[in-house]
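A.B. asks: Take a look at the following structure, please.
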Amino acid sequence: MKSRIVRPVNRRGQTNRKKRSTVSGDTQPMRPVGQSYGRNRLSDTQPMPAAEIRAKYNAYRQTIDRRREVLRTPQPQPARRKPRTSAKTKYEKYFDYDLLLVIVFLMCFGLVMLYSTSAYEADADFGNDLYYFIRQALIAAAGFVVMFVVSKIDYHIYGAFAFEIYIFAMFMMALVQTPLGLEFNGARRWIRLPGNQTLQPAEITKIAVILFIAYELCRLGKKAYTLKGMIRVFAFGAIASGGVLFLTDNLSTAIIVMAITCILIFVTHPKTKPFVAIVVVGALIAAVGIIILSVMIANTDAAGSDNFRLQRVISWLNPEATAATGSYQVMQGLYAIGSGGLFGKGLGNSTQKLGVIPEAQNDMILVVICEELGVFGALLILILFGVLLYRLMFIAKNAPDLYGSLIATGIFAHIALQVILNIAVVTGLLPTTGITLPFISYGGTAILFLMAEMGVALGISRRIRLEVE
């Protein structure tokens, strides 16, 4: 018969099997199943080896140390839902009174400077030194009414009729080429209205492009990031810009319309590098074009050309040679700026406005401000426009949706571009374009539609919700 190993058996008939220790390598009998640590401990169990006790104690200490380390390290708290309370969350109505205050201050300052600038010419032409002042004051009052009414309208309504507004602006510009069109100082840009009133359709196009391009970018969504989507939006802006240029013969407004379109596309697109490359290439092309044009003018008889835009470029490139003809207005404006000094000659004491600078109340009003109020007055104007642009940027940043944000951005771009172009023209950095200074220069249609834009911006600010803590 084969022999077998007989293992000890406990009370329940279970065998005490040996297992190998993972620490010391020796063997020990397993604790019988059901054994307790009370008074009735079995006498057949052997004591645990000291090495295994130390190993288990060290492992236990390591576990405790790890847990303590975890407790010392701050752990990210999971987002928890706020407990519901009986009271509803309160929101405070918001209205940008800072923007409204800046608009009022600019309009009042503009009226004062308009009277100071135009009193001599108005008295000589119409026998009433308040002629331009009264007309501008009435237009400003009507503009404030329009701004208040427009600010009450939900700006989302403009999105529903954005394309129709765009088509209407193009139609109004086409009317300039009809018998309704009115030509003034060699430029056909106005429409004759009943009551001996005029309308400049290019001003409608500015706000129409802002509303429609913003709507189109929102409608396309992520498709606007693609090349096809960008070309589509760019084409709408180019069509409007071309209409302004060829239907109303207004280069400065065409540049502003195209620039507004590009800025809105840039703000919407998530990538910046392609636009930086485009700007750099465009600047290089412009620089090369100016150099080539200068050489062509020097080698040809361009001074006898009938193209008035070419004449303006020639006057800009060589102002001293054409100081008595093409660059006369700009040179006299620079004299006015230089004679103003730091604090100016005093309000109403300008000499360049006394028939020296023609129609100084329009696009050259800034030089009269510099002459009468000096550098201090110019800085005051820049600070006011800076605050205005900051408030528009605040509205664009906190608008409740993308459409409102893009509209506010478009208005911001319009004001900024017009101010920069006007300052660049009066200081001789750019050829004369006839661009006016917002809120300050004389102009009926421009003031009216500018106040309408401010009403749209204030309407967006009304939709901003501030949570009350």
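Glycine residues also receive a Cβ, built from the backbone N, Cα and C atoms like all the rest.
Among the features that TrEMBL reports, region 'Disordered' is placed at 1-48. The annotation transmembrane segment is assigned in TrEMBL to 99-118, 130-150, 157-178, 198-217, 229-246, 252-268, 275-298, 364-390, 402-427, 439-460.
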A.B. asks: Ranking 99-118, 252-268, 364-390 by Cβ pairs under 8 Å to the transmembrane segment (439-460), which is first?
C.D. replies: 99-118
A.B. asks: Please report, as numbers and ranges, the same-chain residues at least 6 past the borders of the transmembrane segment (252-268) whose CB is under 8 Å from any CB of it.
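C.D. replies: For the transmembrane segment (252-268), the far contacts come to 202-203, 205-206, 209-210, 213-214, 217, 224-225, 230, 233-234, 236-238, 240-242, 244-245, 275, 406, 409-410, 413-414, 417-418, 421, 433-435.
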A.B. asks: Could you pull out which residues elsewhere in the chain have a CB under 8 Å from any CB of the transmembrane segment (157-178), counting only those six or more residues past its ends?
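C.D. replies: Contacts with the transmembrane segment (157-178): 188-191, 199, 201-202, 204-205, 208-209, 211-212, 214-216, 218, 236, 239-240, 243-244, 247-248, 403, 407, 456.
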A.B. asks: Would you kindly list the residues that approach the transmembrane segment (402-427) from elsewhere in its chain, counting only those six or more residues past its ends and only Cβ-Cβ distances under 8 Å?
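C.D. replies: Non-local partners: 155-156, 158-159, 206, 209-211, 213-215, 217-218, 252, 255-256, 259-260, 263-264, 267-268, 330, 333-334, 337, 363-364, 366-367, 385, 388-389, 392-393, 395-396, 433, 435-438, 441, 453-454, 456-457, 460, 463.
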